[in-house]
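What follows is one structure encoded as C-alpha coordinates, with my remarks underneath.
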Amino acid sequence: MKIRSKDLLTGAELDRKEILGIIESAIRLKKGGRSKAHPLDGRTLAMVFQKPSTRTRVSFAAGMFQLGGEAIYLPPGDMQLSRGETIPDTARALSGYVDVIVARVFGHETIEEIAASASVPVINGLSDTFHPCQILADLMTIKERKGRLKGLRAAWIGDGNNVCNSLLYGCAAVGIDISVATPAVFRPIPGVVDKCRESIDVKLTTDPAEAAAGADIVFTDTFASIHNMDKERERKFLPKYRVNAPLMKKAADDAIFMHCLPAKRGQEVDGEVIDGPQSAVWDEAENRLHSQKALLLALGI
(Lines of atoms letter the chains of each structure in order from A and count residues from 1; the text may use other names and numbers.)
(Lines give C-alpha, C1' and ligand atoms only; values in the text may rest on other atoms or scores of the structure.)
Protein backbone atom coordinates (compact mmCIF):
# COMPACT_ATOMS: atom_id res chain seq x y z
CA MET A 1 0.00 0.00 0.00
CA LYS A 2 1.34 3.42 -0.98
CA ILE A 3 0.18 6.45 0.97
CA ARG A 4 -1.13 9.50 -0.89
CA SER A 5 1.07 12.15 0.72
CA LYS A 6 4.64 12.74 -0.42
CA ASP A 7 5.66 13.72 3.12
CA LEU A 8 4.86 12.94 6.77
CA LEU A 9 5.17 16.16 8.74
CA THR A 10 2.42 16.22 11.38
CA GLY A 11 0.44 12.98 11.22
CA ALA A 12 -2.63 14.67 9.74
CA GLU A 13 -1.50 13.52 6.29
CA LEU A 14 -2.57 9.94 7.03
CA ASP A 15 -6.16 8.70 7.03
CA ARG A 16 -7.55 5.69 8.87
CA LYS A 17 -6.96 3.26 6.02
CA GLU A 18 -3.36 4.36 5.58
CA ILE A 19 -2.54 4.17 9.30
CA LEU A 20 -4.11 0.73 9.64
CA GLY A 21 -2.22 -0.41 6.55
CA ILE A 22 1.08 0.79 8.00
CA ILE A 23 0.32 -0.91 11.33
CA GLU A 24 -0.59 -4.20 9.65
CA SER A 25 2.59 -4.05 7.57
CA ALA A 26 4.66 -3.24 10.67
CA ILE A 27 3.22 -6.20 12.59
CA ARG A 28 4.00 -8.51 9.67
CA LEU A 29 7.56 -7.19 9.50
CA LYS A 30 7.97 -7.69 13.25
CA LYS A 31 6.64 -11.24 13.16
CA GLY A 32 8.71 -12.08 10.09
CA GLY A 33 12.00 -11.22 11.76
CA ARG A 34 15.07 -10.67 9.60
CA SER A 35 13.93 -11.28 6.04
CA LYS A 36 16.26 -12.05 3.15
CA ALA A 37 14.10 -9.81 0.98
CA HIS A 38 15.60 -6.35 0.52
CA PRO A 39 12.87 -4.16 -0.98
CA LEU A 40 14.90 -0.98 -0.46
CA ASP A 41 18.09 -2.30 -2.05
CA GLY A 42 19.96 0.62 -3.58
CA ARG A 43 17.91 3.25 -1.70
CA THR A 44 19.49 5.85 0.56
CA LEU A 45 18.08 7.74 3.55
CA ALA A 46 19.54 11.07 4.71
CA MET A 47 19.11 11.84 8.41
CA VAL A 48 19.36 15.62 8.88
CA PHE A 49 19.45 16.04 12.67
CA GLN A 50 19.71 19.36 14.49
CA LYS A 51 19.01 17.64 17.84
CA PRO A 52 20.43 14.60 19.68
CA SER A 53 18.57 11.33 19.23
CA THR A 54 18.67 7.70 20.34
CA ARG A 55 15.50 5.96 19.20
CA THR A 56 14.78 7.98 16.06
CA ARG A 57 18.33 7.81 14.75
CA VAL A 58 19.01 4.15 15.49
CA SER A 59 15.58 2.86 14.44
CA PHE A 60 15.69 4.60 11.06
CA ALA A 61 19.29 3.56 10.39
CA ALA A 62 18.67 -0.05 11.43
CA GLY A 63 15.39 -0.13 9.53
CA MET A 64 16.99 1.02 6.27
CA PHE A 65 19.78 -1.53 6.71
CA GLN A 66 17.32 -4.37 7.36
CA LEU A 67 15.35 -3.41 4.24
CA GLY A 68 18.53 -3.43 2.14
CA GLY A 69 19.16 0.31 2.00
CA GLU A 70 21.69 2.72 3.45
CA ALA A 71 21.38 5.59 5.92
CA ILE A 72 23.62 8.66 6.11
CA TYR A 73 23.66 10.59 9.41
CA LEU A 74 24.14 14.34 8.93
CA PRO A 75 24.58 16.29 12.20
CA PRO A 76 24.67 20.11 12.04
CA GLY A 77 28.43 20.48 12.13
CA ASP A 78 28.91 18.19 9.14
CA MET A 79 26.73 20.23 6.78
CA GLN A 80 27.11 23.58 5.06
CA LEU A 81 23.90 24.66 6.81
CA SER A 82 26.12 25.49 9.77
CA ARG A 83 28.06 27.88 7.52
CA GLY A 84 25.13 29.72 6.03
CA GLU A 85 23.81 27.57 3.18
CA THR A 86 20.04 27.91 2.93
CA ILE A 87 17.59 25.16 3.78
CA PRO A 88 16.05 25.17 0.26
CA ASP A 89 19.47 24.80 -1.37
CA THR A 90 20.37 21.96 0.99
CA ALA A 91 17.07 20.16 0.40
CA ARG A 92 17.37 20.46 -3.38
CA ALA A 93 20.94 19.17 -3.35
CA LEU A 94 20.13 16.22 -1.07
CA SER A 95 17.22 15.30 -3.33
CA GLY A 96 19.73 14.53 -6.06
CA TYR A 97 21.63 12.08 -3.87
CA VAL A 98 19.10 10.28 -1.67
CA ASP A 99 15.63 8.75 -1.91
CA VAL A 100 14.13 10.02 1.35
CA ILE A 101 15.00 12.57 4.06
CA VAL A 102 14.31 12.30 7.79
CA ALA A 103 14.79 15.60 9.60
CA ARG A 104 14.87 16.19 13.36
CA VAL A 105 14.64 19.92 13.88
CA PHE A 106 14.03 22.63 16.45
CA GLY A 107 11.35 24.65 14.65
CA HIS A 108 8.55 23.02 12.66
CA GLU A 109 8.91 25.69 9.99
CA THR A 110 12.29 24.13 9.16
CA ILE A 111 10.79 20.75 8.28
CA GLU A 112 8.11 22.50 6.23
CA GLU A 113 10.80 24.39 4.32
CA ILE A 114 12.75 21.19 3.67
CA ALA A 115 9.64 19.44 2.39
CA ALA A 116 8.68 22.36 0.16
CA SER A 117 12.10 22.34 -1.52
CA ALA A 118 12.87 18.61 -1.64
CA SER A 119 11.72 16.48 -4.56
CA VAL A 120 11.96 13.30 -2.45
CA PRO A 121 9.75 12.33 0.53
CA VAL A 122 10.47 14.11 3.81
CA ILE A 123 9.69 12.58 7.20
CA ASN A 124 9.48 14.59 10.41
CA GLY A 125 11.70 12.81 12.93
CA LEU A 126 10.63 15.38 15.57
CA SER A 127 9.96 19.10 15.59
CA ASP A 128 8.87 21.48 18.31
CA THR A 129 5.18 20.95 17.49
CA PHE A 130 4.81 17.44 16.01
CA HIS A 131 6.29 13.92 16.24
CA PRO A 132 4.28 11.71 13.85
CA CYS A 133 6.71 8.77 13.73
CA GLN A 134 6.24 8.23 17.45
CA ILE A 135 2.49 7.98 17.00
CA LEU A 136 2.72 5.24 14.39
CA ALA A 137 4.70 3.18 16.92
CA ASP A 138 2.22 4.05 19.66
CA LEU A 139 -0.82 2.98 17.65
CA MET A 140 0.94 -0.22 16.63
CA THR A 141 1.67 -0.98 20.29
CA ILE A 142 -1.93 -0.32 21.30
CA LYS A 143 -3.18 -2.62 18.53
CA GLU A 144 -0.83 -5.37 19.72
CA ARG A 145 -1.82 -4.97 23.37
CA LYS A 146 -5.56 -4.32 22.98
CA GLY A 147 -6.37 -6.07 19.71
CA ARG A 148 -8.22 -3.01 18.45
CA LEU A 149 -8.05 0.76 18.21
CA LYS A 150 -11.54 2.11 17.52
CA GLY A 151 -13.64 2.66 20.62
CA LEU A 152 -10.76 2.89 23.10
CA ARG A 153 -10.14 5.90 25.33
CA ALA A 154 -6.71 7.42 25.95
CA ALA A 155 -5.51 9.86 28.59
CA TRP A 156 -2.63 12.26 28.09
CA ILE A 157 -1.12 13.62 31.31
CA GLY A 158 1.38 16.49 31.47
CA ASP A 159 2.49 18.80 28.67
CA GLY A 160 0.42 19.32 25.50
CA ASN A 161 3.59 19.04 23.45
CA ASN A 162 4.68 17.79 20.02
CA VAL A 163 3.89 14.16 20.82
CA CYS A 164 0.48 15.13 22.18
CA ASN A 165 -0.36 17.11 19.03
CA SER A 166 0.48 14.21 16.73
CA LEU A 167 -1.24 11.75 19.07
CA LEU A 168 -4.45 13.76 18.71
CA TYR A 169 -4.27 13.43 14.93
CA GLY A 170 -3.57 9.70 15.20
CA CYS A 171 -6.41 9.10 17.64
CA ALA A 172 -8.82 11.05 15.45
CA ALA A 173 -7.89 8.96 12.41
CA VAL A 174 -8.44 5.59 14.09
CA GLY A 175 -11.33 6.41 16.43
CA ILE A 176 -9.69 6.63 19.87
CA ASP A 177 -11.32 9.20 22.17
CA ILE A 178 -8.87 11.13 24.33
CA SER A 179 -8.77 13.24 27.49
CA VAL A 180 -5.84 15.63 27.85
CA ALA A 181 -4.85 16.87 31.32
CA THR A 182 -2.38 19.76 31.29
CA PRO A 183 -1.87 23.07 33.05
CA ALA A 184 -4.05 25.61 31.22
CA VAL A 185 -1.03 27.33 29.66
CA PHE A 186 0.42 24.08 28.26
CA ARG A 187 -2.51 22.74 26.26
CA PRO A 188 -2.10 21.25 22.77
CA ILE A 189 -2.48 23.46 19.69
CA PRO A 190 -6.10 24.72 19.59
CA GLY A 191 -6.41 24.18 15.84
CA VAL A 192 -5.36 20.56 16.24
CA VAL A 193 -7.92 20.02 19.00
CA ASP A 194 -10.69 21.63 16.95
CA LYS A 195 -9.91 19.51 13.90
CA CYS A 196 -9.81 16.28 15.90
CA ARG A 197 -13.12 17.07 17.59
CA GLU A 198 -14.73 16.62 14.18
CA SER A 199 -14.00 12.89 14.48
CA ILE A 200 -13.61 11.95 18.15
CA ASP A 201 -14.38 13.10 21.69
CA VAL A 202 -11.52 15.30 22.92
CA LYS A 203 -11.73 16.50 26.52
CA LEU A 204 -9.37 19.14 27.91
CA THR A 205 -8.94 19.40 31.66
CA THR A 206 -6.45 20.50 34.30
CA ASP A 207 -7.26 17.45 36.46
CA PRO A 208 -5.15 14.31 35.79
CA ALA A 209 -7.56 12.09 37.75
CA GLU A 210 -10.47 13.25 35.60
CA ALA A 211 -8.54 12.49 32.41
CA ALA A 212 -7.33 9.08 33.60
CA ALA A 213 -10.75 7.87 34.79
CA GLY A 214 -11.61 4.71 32.87
CA ALA A 215 -8.83 5.22 30.31
CA ASP A 216 -7.52 2.22 28.36
CA ILE A 217 -4.16 3.89 27.73
CA VAL A 218 -2.35 6.47 29.87
CA PHE A 219 0.34 8.55 28.14
CA THR A 220 2.89 11.00 29.44
CA ASP A 221 6.16 12.59 28.33
CA THR A 222 8.89 14.72 29.86
CA PHE A 223 7.81 18.13 31.10
CA ALA A 224 10.80 19.80 29.43
CA SER A 225 13.33 18.64 26.87
CA ILE A 226 15.81 16.29 28.48
CA HIS A 227 18.56 18.11 26.56
CA ASN A 228 17.46 21.57 27.72
CA MET A 229 15.91 21.26 31.16
CA ASP A 230 13.97 24.24 32.47
CA LYS A 231 13.56 23.71 36.21
CA GLU A 232 11.03 26.53 36.54
CA ARG A 233 8.91 24.96 33.79
CA GLU A 234 9.08 21.57 35.50
CA ARG A 235 7.80 23.06 38.76
CA LYS A 236 4.56 24.04 37.02
CA PHE A 237 3.79 20.32 36.56
CA LEU A 238 5.06 18.73 39.77
CA PRO A 239 3.79 16.87 41.66
CA LYS A 240 0.25 17.17 40.28
CA TYR A 241 0.91 15.77 36.79
CA ARG A 242 3.20 12.89 37.74
CA VAL A 243 1.82 9.50 36.68
CA ASN A 244 1.93 7.29 39.76
CA ALA A 245 0.22 4.12 40.99
CA PRO A 246 -2.82 5.93 42.47
CA LEU A 247 -3.41 7.70 39.16
CA MET A 248 -3.13 4.43 37.21
CA LYS A 249 -5.79 2.96 39.51
CA LYS A 250 -8.20 5.58 38.16
CA ALA A 251 -7.78 4.06 34.69
CA ALA A 252 -9.31 0.80 33.48
CA ASP A 253 -8.13 -2.35 35.25
CA ASP A 254 -6.31 -3.50 32.11
CA ALA A 255 -4.97 -0.06 31.19
CA ILE A 256 -1.48 0.23 29.75
CA PHE A 257 1.08 2.97 30.38
CA MET A 258 2.99 4.54 27.51
CA HIS A 259 5.91 6.99 27.31
CA CYS A 260 7.91 7.84 24.19
CA LEU A 261 11.18 8.06 26.18
CA PRO A 262 13.61 9.30 27.37
CA ALA A 263 11.97 9.31 30.80
CA LYS A 264 12.83 10.97 34.09
CA ARG A 265 11.70 8.64 36.85
CA GLY A 266 10.36 10.57 39.81
CA GLN A 267 9.42 13.51 37.57
CA GLU A 268 6.66 12.81 35.03
CA VAL A 269 6.34 9.14 36.07
CA ASP A 270 7.18 7.00 39.08
CA GLY A 271 9.50 4.06 38.62
CA GLU A 272 6.89 1.58 39.81
CA VAL A 273 4.67 2.59 36.87
CA ILE A 274 7.17 2.75 34.02
CA ASP A 275 8.88 -0.44 35.23
CA GLY A 276 5.67 -2.13 36.32
CA PRO A 277 3.36 -4.71 34.72
CA GLN A 278 1.12 -2.13 33.01
CA SER A 279 4.02 -0.49 31.20
CA ALA A 280 4.22 -0.94 27.42
CA VAL A 281 7.15 1.42 26.92
CA TRP A 282 9.69 -1.16 25.77
CA ASP A 283 7.35 -2.60 23.14
CA GLU A 284 6.59 1.00 22.21
CA ALA A 285 10.30 1.77 21.79
CA GLU A 286 10.96 -1.38 19.73
CA ASN A 287 7.98 -0.65 17.53
CA ARG A 288 9.63 2.54 16.31
CA LEU A 289 11.78 0.23 14.19
CA HIS A 290 8.95 -1.82 12.73
CA SER A 291 6.49 1.03 12.14
CA GLN A 292 9.12 3.18 10.44
CA LYS A 293 10.15 0.31 8.18
CA ALA A 294 6.50 0.02 7.20
CA LEU A 295 6.33 3.79 6.66
CA LEU A 296 9.38 3.75 4.38
CA LEU A 297 7.77 1.02 2.30
CA ALA A 298 4.45 2.89 2.22
CA LEU A 299 6.18 6.00 0.87
CA GLY A 300 7.07 3.98 -2.21
CA ILE A 301 10.71 5.08 -2.35
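Any Cβ shown, glycine's included, is placed from N, Cα and C.
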Next item on the list: Return the residue out of R28, R104, R235 that Swiss-Prot annotates for the same carbamoyl phosphate site as S53, T54, R55, T56, Q80, H131, P132, C133, Q134, C260, L261, R288.
Entry: R104
Item checked: Among S53, Q80, N162 [binding-site residues], residue with fewest other Cβ within 10 Å -> Q80
Next item on the list: Determine, from DSSP, whether R288 (carbamoyl phosphate binding site) sits in helix, strand or coil.
Entry: helix
Next item on the list: Please determine which of the binding-site residues listed here (R55, R288) has the lowest count of neighbouring CB atoms within 10 Å.
Entry: R55
Notebook entry, point to check: So which binding-site residues are near N162 (L-ornithine binding site), with CA atoms within 10 Å, out of S53, Q80, H131, R288?
Noted result: H131
Checklist line | Cα separation, D221 (L-ornithine binding site) to H131 (carbamoyl phosphate binding site) (Å, whole number) | finding: 12
Checklist line | Spatial neighbours, same chain, of C260 (carbamoyl phosphate binding site) - Cβ under 8 Å, 6+ residues apart | finding: R55, H131, Q134, D138, V163, D221, E284
